[in-house]
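*Asks:* Below are the features I grabbed from TrEMBL:
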ACT_SITE  HIS108  active site, proton donor
BINDING   ARG61, ASN106  (6R)-10-formyltetrahydrofolate binding site
SITE      ASP150  site 'Raises pKa of active site His'
Amino acid sequence: MIKIGILASYNGSGFETLQKAINDKKIDAQIVVVITNNTNAKVLEKAEKYDIPNFIINDKRYPGQDIDDKITRLLLEFGCDYVFLSGYMKKIESKLIAAYHNKIINTHPALLPSSYGGKGMYGRNVHEAIIKNGEKKSGVTIHFVNEVYDDGEIILTKELELDDNETVDSLESKIKDLESLAIIEAFQKVLANH
Ligand SMILES: Nc1nc2c(c(=O)[nH]1)N[C@@H](CN(C=O)c1ccc(C(=O)N[C@@H](CCC(=O)O)C(=O)O)cc1)CN2
Ligand SMILES: NCC(=O)N[C@@H]1O[C@H](COP(=O)([O-])[O-])[C@@H](O)[C@H]1O
């Protein structure tokens, strides 16, 4: 059975999408651990709901320790084959990348490559920039993770056209819906080649 570890900073909506797809037999895998950097992350409640071991790992909780090493060791201890970044807001560092080369998958709420990726481009910031710049389309990119933000090999993208009166809230909602489809399709594609 392919094992997946989750890294998330907030709600972990992508994690729940993946878990529901697993429960619905759309994806043959098991989510075995959830890790967050955020003590208040709602993803912790979701992990408990699905009876998945969950951990908070951040500098405050482990002052002076190597967070990269700690996360990597935990994912390895749980036997993870893949790592899914479900709205994880911290840079993935060298030890985790080395341990999981082209096995870390991220979902980004814009089309890449573009100026809507990289440092500062996360969550609502992305949608605000898209609308401010008068873009006519946006979308979702699922990609493998390398040392650089939003620079890894692209697994798939899904596009949408913006309405004339699109707002940040309306775009965020549409992107979230599109993202759910993209996550399922991307994992089916990756696991088919496992
Ligand atoms: N090595 C990599 N690490 C991460 C990647 C990646 O592609 N390579 N993707 C991100 C997810 N992400 C976009 O998809 C992303 C997340 C956060 C940021 C960002 O600018 N973060 C801020 C800190 C924000 C915070 O502390 O809440 C920063 O670095 O200053 C950019 C892109 C996950 N990691
Ligand atoms: N650049 C990374 C980034 O912006 N990721 C985005 O964070 C959201 C997390 O939402 P959630 O906490 O509700 O799952 C997700 O929509 C994801 O695309």
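Glycine too: its Cβ is placed from the backbone N, Cα and C atoms.
Can you walk me through where each of these features ends up in the structure?
*Replies:* Cβ neighbours of HIS108 (active site, proton donor) (same chain, under 8 Å, six or more residues apart in sequence): GLY117, MET121, VAL126, VAL140, THR141, ILE142, HIS143, ASP150.
Neighbours of ASN106 ((6R)-10-formyltetrahydrofolate binding site), defined as other CB atoms within 10 A of its CB across all chains, total 23.
For ASP150 (site 'Raises pKa of active site His'), other Cβ atoms within 10 Å of its Cβ number 21.
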*Asks:* Anything from the recorded positions ARG61, ASN106, HIS108, ASP150 with its Cβ under 6 A from ligand 2? List those in sequence order.
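*Replies:* List returned for ligand 2: HIS108.
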*Asks:* What kind of secondary structure is HIS108 (active site, proton donor) part of, going by DSSP in three states?
*Replies:* strand
*Asks:* Report, as a single number, how many Cβ atoms besides its own are within 10 Å of the Cβ of ARG61 ((6R)-10-formyltetrahydrofolate binding site).
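*Replies:* For ARG61 ((6R)-10-formyltetrahydrofolate binding site), the 10 Å Cβ neighbour count is 13.
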